[in-house]
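As annotated by TrEMBL, active site, proton acceptor applies to A:ASP128. Taken from TrEMBL, the feature ATP binding site applies to A:GLY11, A:ARG72, A:SER73, A:GLY102, A:ASN103, A:GLY104, A:THR105. The ADP binding site annotation in TrEMBL covers A:ARG21, A:ALA22, A:VAL23, A:VAL24, A:ARG25, A:ARG155, A:GLY186, A:ALA187, A:GLU188, A:ARG212, A:LYS214, A:THR215, A:SER216. Residues annotated as Mg(2+) binding site in TrEMBL: A:ASN103. According to TrEMBL, the substrate binding site annotation covers A:THR126, A:ILE127, A:ASP128, A:ARG163, A:MET170, A:GLY171, A:ARG172, A:GLU223, A:ARG247, A:HIS253, A:VAL254, A:GLN255, A:ARG256. Annotated domain 'Phosphofructokinase' per TrEMBL: A:3-276, in sequence order.
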Protein chains: 4
Amino acid sequence: MKRIGVYTSGGDAPGMNACLRAVVRTAVYHGLEVYGIKRGYNGMINGEIFKMESSSVSNIVQLGGTMLKSARSKEFMTKEGRQKAYDQLQKFGIEGLVAIGGNGTFTGAKLFFEEYGIPTLGAPGTIDNDLYGTDYTIGYDTAVNTALDAIDKIRDTADSHERVFFIEVMGRDSGYIAVPCAIGGGAEIVMIPEAKVTIESIIDTLRAGWNRMKTSSIIIIAEGEIEGGATKVATKVMEALPQMDARVSIIGHVQRGGSPTAFDRLLASRLGIACVVGLIEGKKNMMAGTINSSLVYTPFEETITKKKGLSPNFTQMVEMLSI
Amino acid sequence: MKRIGVYTSGGDAPGMNACLRAVVRTAVYHGLEVYGIKRGYNGMINGEIFKMESSSVSNIVQLGGTMLKSARSKEFMTKEGRQKAYDQLQKFGIEGLVAIGGNGTFTGAKLFFEEYGIPTLGAPGTIDNDLYGTDYTIGYDTAVNTALDAIDKIRDTADSHERVFFIEVMGRDSGYIAVPCAIGGGAEIVMIPEAKVTIESIIDTLRAGWNRMKTSSIIIIAEGEIEGGATKVATKVMEALPQMDARVSIIGHVQRGGSPTAFDRLLASRLGIACVVGLIEGKKNMMAGTINSSLVYTPFEETITKKKGLSPNFTQMVEMLSI
Amino acid sequence: MKRIGVYTSGGDAPGMNACLRAVVRTAVYHGLEVYGIKRGYNGMINGEIFKMESSSVSNIVQLGGTMLKSARSKEFMTKEGRQKAYDQLQKFGIEGLVAIGGNGTFTGAKLFFEEYGIPTLGAPGTIDNDLYGTDYTIGYDTAVNTALDAIDKIRDTADSHERVFFIEVMGRDSGYIAVPCAIGGGAEIVMIPEAKVTIESIIDTLRAGWNRMKTSSIIIIAEGEIEGGATKVATKVMEALPQMDARVSIIGHVQRGGSPTAFDRLLASRLGIACVVGLIEGKKNMMAGTINSSLVYTPFEETITKKKGLSPNFTQMVEMLSI
Amino acid sequence: MKRIGVYTSGGDAPGMNACLRAVVRTAVYHGLEVYGIKRGYNGMINGEIFKMESSSVSNIVQLGGTMLKSARSKEFMTKEGRQKAYDQLQKFGIEGLVAIGGNGTFTGAKLFFEEYGIPTLGAPGTIDNDLYGTDYTIGYDTAVNTALDAIDKIRDTADSHERVFFIEVMGRDSGYIAVPCAIGGGAEIVMIPEAKVTIESIIDTLRAGWNRMKTSSIIIIAEGEIEGGATKVATKVMEALPQMDARVSIIGHVQRGGSPTAFDRLLASRLGIACVVGLIEGKKNMMAGTINSSLVYTPFEETITKKKGLSPNFTQMVEMLSI
């Protein structure tokens with residue numbers, strides 16, 4: 001293999017630039033040529049492809065977002081789109097790919113490999129940490145810290161005004177972001193997709209607190225839990241407890257941006273290196289991840305179809321620590 | 001005057017603790033006794049009053065919120081409520097008051113003075129910076145920096161995904177928070193109560209940008225502008241521009257919390273000192289503020305009824321800098 | 001066991017308060033009484049011991065430092081000191097202890113157990129991450145992020161002025177802090193106790209960079225490396241390269257403070273719980289830690305005598321990524 | 001005037017990029033062509049000059065450092081150097097200049113104008129805030145907040161360990177940075193060039209604190225004060241008070257970097273606009289600044305020779321608030 005391409009795709013995540021830097025420099029270190037592909041599969045189809053040097057990735061390790069930009073591509077989901085993409089890669093002489101993204105990205109890469117045989121390795125870049133095959137995804141640690149920083153600020157107000165705050169955090173269909181926010185944010189209750197918490201139990205907990213003069217509470221709500229998010233939960237709960245002063249805060253898109261934490265930069269660097277080294281060693285169609293701090297390659301087939309479980313111990317921790 | 005009381009009231013703001021520290025220590029320095037009153041006028045009515053020493057305010061200068069807690073009091077708006085409050089102050093021998101808060105707080109203080117003759121000086125504590133009689137209110141600088149930090153993070157995502165973001169910031173009926181966020185956040189458009197921006201002009205600006213390949217834009221919307229906030233504006237604009245990828249983010253309550261900036265700590269310290277020194281000098285029924293960096297006392301009457309104007313130059317700056 | 005004591009000792013670390021909160025609330029949850037002991041072993045000797053409730057640890061999870069304060073005790077190193085400490089514990093009816101600290105702390109606890117049979121479990125609280133028996137210590141993640149944040153700021157200046165910066169970070173006898181700072185900070189070279197980097201090789205690397213117009217470089221130096229720290233290294237290197245513009249920055253004590261990261265709050269909470277649960281189950285004379293994310297108890301004997309190794313892969317990563 | 005040049009020179013300061021963005025976009029808005037000159041006067045001499053467009057300054061408003069890089073130029077201090085610089089400007093057809101920097105920069109600009117008649121307007125970019133003709137310089141507010149954030153972290157440790165910290169901050173020959181750090185950081189003592197504090201008085205203050213059980217103190221020391229900096233002061237003080245546990249921390253170069261605060265971005269934007277508008281209006285040889293929030297142009301002659309005074313009230317504030 002002499003020439004590889006790299007792209008970022010799907011939702012952006014802090015650390016994608018650090019990963020990209022590792023991919024480019026590891027390639028250069030090992031004597032490969034490396035091309036950047038802009039806007040994910042869209043740029044692959046449209047030939048937005050350019051040569052990258054070691055200096056192309058100077059001073060980006062600390063930046064949020066992705067310098068290659070990201071997009072979701074409908075055209076790549078068609079046979080014609082993938083043919084165009086393949087033609088572009090042929091034109092540029094690209095023999096292998098590194099994909100930084102999530103399961104949508106890897107689904108595309110798998111399909112592409114099956115049809116055209118282009119070997120691809122993936123680095124898990126998503127704030128949601130919902131990918132099988134790695135303990136942590138790139139961007140997750142930053143997103144949790146960003147959310148927690150917001151919760152710290154909100155608690156200043158909650159505490160000063162003796163209010164109940166219903167705070168919604170991201171995480172798609174999992175509670176990975178919500179749980180450390182609840183434990184680290186000193187929350188009384190956490191609602192996540194993986195564990196049913198009834199509206200009644202929230203009402204009971206808040207009423208019990210109220211009766212012992214505990215008038216300030218924080219409830220962390222994962223966007224994917226089944227009651228439908230912070231606004232709906234707050235409305236239902238406050239109907240039963242009109243005496244309490246409640247507010248809703250949806251942390252929102254800030255969780256996707258910002259300078260990556262040390263953890264995310266290190267993880268991104270390790271996995272970027274692993275993708276290039278893996279391609280050189282002939283690996284393909286797999287995602288690089290870390291499990292128990294060790295590097296592991298998992299077939300895209302598995303990362304796409306299997307589900308990573310969140311330990312039920314964590315919700316118990318929230319209950320115990322909010323006593 | 002031998003004994004004064006101090007309370008925080010209305011919406012909390014970063015720097016209230018720094019102001020409280022200055023009030024307590026200046027009082028001690030000048031040989032006064034100082035009592036803390038919890039939960040604003042509610043605590044005054046209920047006698048939640050306690051002696052404070054210099055050490056009571058150690059290590060709080062950097063904390064958001066208010067250690068005295070804050071509340072809005074309906075009872076104080078009644079004659080009976082104020083009578084109870086007066087009785088409590090008599091009981092504790094409190095001869096003067098320092099009120100840290102906004103216009104609601106000062107309205108109460110003015111009424112109280114007219115009925116019972118208790119001299120009160122006020123320090124302007126509100127993130128909204130909408131008080132006549134001071135160039136800056138305590139908490140404003142922190143709120144702007146918090147909002148701007150969020151906007152920086154969102155721009156990482158806006159830029160990576162080539163999206164339009166409609167970002168709503170606080171500020172009640174003024175654009176004081178929105179304007180520096182727009183200039184400092186590199187926004188294309190700012191919508192504030194003080195200046196009419198039509199939906200049509202936003203559509204035109206975004207369409208013109210789109211036509212010259214500018215696909216990422218940030219629009220800052222003050223909560224008080226007349227179209228009804230970011231969600232409504234975004235809906236209307238996006239109906240006309242379905243090809244653009246748009247998102248809404250409401251920064252929300254984080255803007256009220258967090259560790260105060262250097263500017264807010266310094267301002268809070270100056271104004272806390274000014275309140276105590278002013279009481280000693282016999283001033284009453286006025287708010288301490290700074291105008292052109294000089295200390296100024298303005299009668300509550302004026303701070304409540306007059307309106308501070310935002311320079312129209314600022315919206316021009318946004319237009320010029322987003323070219 | 002009905003009544004336990006808890007103390008923090010040795011160098012303070014961010015997350016000690018989060019750990020303390022977990023200890024207190026877990027004890028309360030399980031029906032134990034819990035007493036706080038101030039100033040480590042000094043307070044144990046002097047009887048600075050007070051009852052803690054669930055509310056004693058409200059709103060501290062986000063604070064750096066330790067509300068129990070910390071100290072190194074010479075008196076506890078004497079037989080008489082330990083006798084006094086034992087007498088105090090007897091007086092307060094304390095039957096078990098949770099010690100939050102490092103190896104000095106655990107050495108004291110082990111000695112105390114051998115002489116007086118007081119069961120103690122330890123939580124590893126130190127920014128240095130140099131304790132055998134846990135992958136991560138409480139405070140380490142925060143310290144790395146604090147140092148990295150400083151390095152990011154310094155790089156702005158290094159890059160603008162095309163300077164070489166010699167930056168010294170903490171870590172005692174290990175490179176645990178230096179290595180992620182170097183990888184995440186985009187450094188060219190890292191000097192750590194575990195791997196010899198000669199002054200000559202630094203000179204060669206910088207000169208080679210200079211010759212290809214690379215005029216800005218960052219060199220991360222662990223305080224414990226053998227050349228004697230950043231100032232000495234910089235002096236030697238710059239004698240050979242007088243044409244380069246170099247500066248030294250010692251990050252210093254900021255690395256010990258600040259609000260703990262999400263990772264540290266979660267780790268601190270888990271280990272605080274583990275210490276109380278372990279005492280209830282009859283464990284003693286051991287440190288709670290996490291290895292590969294699983295909870296592990298390691299005898300103090302081993303944590304004190306064994307050494308945790310830093311993977312040599314990391315210094316290779318720095319070399320490869322700085323190409 | 002049809003074509004202007006812009007450069008950054010001297011020590012870098014956060015907000016230089018925001019100022020540069022304002023210069024470029026205001027020029028474009030008013031139909032001027034604008035050229036960037038790299039590395040200050042060095043780049044002017046060497047012809048490192050390139051055309052800038054509105055998009056050249058996209059997404060830089062939030063970045064520390066300066067994208068044009070900065071340098072101090074010895075060659076420009078010679079007649080030959082300035083001749084070369086003039087020849088380059090002629091070659092590029094540059095008719096006016098905007099200089100972002102401090103007094104060294106303005107001294108060069110003034111000399112250049114006297115010899116070659118190139119009109120230059122300056123924007124005050126320095127963290128030291130020591131320029132006559134403006135209440136605030138670009139970068140000052142950020143530097144103070146960075147230093148204060150470090151002091152907050154150090155206080156966590158000072159407080160936990162009951163230590164005395166001698167903390168040195170920047171500011172060259174003035175106490176502008178030290179004073180708000182002392183007031184906002186809850187320091188006991190501040191040493192600045194403008195006010196003599198004797199070693200004896202520090203010893204007395206600390207001893208008095210020690211005697212009333214106040215064992216943790218923070219002393220802020222401006223780098224320019226006459227005793228020679230934190231290390232020397234600490235050594236002298238601790239000789240007299242060996243019972244106290246003292247540490248020195250020199251905040252250092254972090255104060256020059258980092259993302260600019262809202263205040264600095266707004267100030268930088270205003271002054272960048274003012275420089276371009278001023279050049280169009282025929283102004284020359286002056287620095288744009290703000291005094292009492294109003295825009296003011298001051299001749300370089302005055303900014304270079306006059307000295308801005310720091311209010312003596314501030315040191316009294318430190319004394320009063322540390323009671």
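Cβ coordinates come from backbone N, Cα and C, glycine included.
A Cα-Cα distance of 22 Å separates A:ARG21 (ADP binding site) from A:ASN103 (ATP binding site). Contact with chain C, taken as any Cβ pair under 8 Å, is found for none of the binding-site residues A:GLY104, A:SER216, A:ARG247. In sequence order, the binding-site residues near chain B, meaning those of A:ARG21, A:ARG172, A:SER216, A:ARG247, A:VAL254, A:ARG256 whose CB lies under 8 Å from a CB of that chain, are A:ARG247, A:VAL254, A:ARG256.
Per the record's binding annotation for ADP, residues A:ARG21, A:ALA22, A:VAL23, A:VAL24, A:ARG25, A:ARG155, A:GLY186, A:ALA187, A:GLU188, A:ARG212, A:LYS214, A:THR215, A:SER216 show a top Cα-Cα distance of 59 Å. Taken residue by residue with DSSP, A:ARG247 (substrate binding site) is part of a strand. A distance of 21 Å separates the Cα atom of A:GLY186 (ADP binding site) from that of A:VAL254 (substrate binding site). Sparsest Cβ environment among the recorded positions A:ASP128, A:GLU188 (other Cβ atoms counted within 10 Å): A:GLU188.
Counting every protein chain shown, 19 other Cβ atoms lie within 10 Å of the Cβ of A:ARG72 (ATP binding site). Most Cβ neighbours within 10 Å among the binding-site residues A:VAL23, A:MET170, A:VAL254: this distinction goes to A:VAL23. Largest CA to CA distance in the ATP binding set (A:GLY11, A:ARG72, A:SER73, A:GLY102, A:ASN103, A:GLY104, A:THR105): 13 Å, whole number. Counting other CB atoms no more than 10 Å from each candidate's CB, the binding-site residues A:GLY11, A:GLY186 peak at A:GLY186. Considering only the binding-site residues A:ARG25, A:THR126, A:GLU188, A:ARG247, A:VAL254, A:ARG256, the residues lying within 10 A of A:ASN103 (ATP binding site) on a C-alpha to C-alpha basis are A:THR126. Set side by side, the binding-site residues A:GLY102, A:GLY104 differ in how many other CB atoms lie within 10 angstroms of their CB, and the most is found at A:GLY102. DSSP assigns A:ARG256 (substrate binding site) to a helix.
Cα of A:THR105 (ATP binding site) to Cα of A:THR126 (substrate binding site): a span of 11 Å. Between the CA atoms of A:ASP128 (active site, proton acceptor) and A:GLY11 (ATP binding site) there is a gap of 10 Å. When pLDDT values are averaged over the domain 'Phosphofructokinase' (A:3-276), the model yields 96. Only A:THR126, from the binding-site residues A:THR126, A:ARG172, A:SER216, A:VAL254, place their Cα within 10 Å of the Cα belonging to A:GLY102 (ATP binding site). Put simply, the two farthest-apart Cα atoms among A:THR126, A:ILE127, A:ASP128, A:ARG163, A:MET170, A:GLY171, A:ARG172, A:GLU223, A:ARG247, A:HIS253, A:VAL254, A:GLN255, A:ARG256, the recorded binders of substrate, are 33 Å from each other.
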